[in-house]
Amino acid sequence: MFEPNMLLAAMNNEDSNNHNYNHEVNNNNNEGFLRDDEFDSANTKSGSENQEGGSGNDQDPHHPNKKKRYHRHTQLQIQEMEAFFKECPHPDDKQRKQLSRELGLEPLQVKFWFQNKRTQMKNHHERHENSHLRAENEKLRGDNLRYREALANASCPNCGGPTAIGEMSFDEHQLRLENSRLREELCFFFLKLVVRWVLIKNLKLLKLPKISHFRLPLVMVSA
């Protein structure tokens, strides 16, 4: 059997071993935390170095700033170029140089201003023309709708009934019939004159006595 003193000594020894083990674990965890802190500080330093390097690239003379400078012309310069544009929308190099000297501008600035002005005037003219064409189109469309409604509501002058598009009216039909009848009568009288002229010609050739009041039998001609 174990003695009480030996049992207490064994328990104390086990507690001491557990304490040492926990101390070693805590030390290892602290070392891990230090390594994480060092890693974070290294990342922070690297990021600051990248930012400094980036700022250095921006200040590099070999990488100029790409932001375009906007030059605003004075009111006097605009008025002078507007007046010149009315007289000559397409100035040559000599005229641009002279105008640039008078206005204190670069010839390239004057060239770009005239190009932009021509584009602006062209767009304004196209918008005005498109607006006019749209108005004309709307007017024609309205007229077309009114004509369609008038044709749809049209009525026959004789019976008062509805009429269809392309249908021949009664008056037009009567005129066509009358025209055909007159054409037939004209052909009949023309044929009658030709037959009479032929008979008279033959009688003259045969030297027959002249027949007074010669009349052709209508029955023969009509046959």
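A Cβ is built for glycine as well, from the same backbone N, Cα and C atoms used for every other residue.
Taken from TrEMBL, the feature region 'Disordered' covers 13-72. Residues or ranges marked as compositional bias 'Low complexity' by TrEMBL: 13-31. The feature domain 'Homeobox' is assigned by TrEMBL to 64-124. According to TrEMBL, the feature DNA-binding region maps to 66-125.
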- Note on the structure: Secondary structure split (DSSP) over the DNA-binding region (66-125) reads 43 helix, 0 strand, 17 coil
- Task: Pop the mean pLDDT for the domain 'Homeobox' (64-124) in here, whole number is fine.
- Result: 85
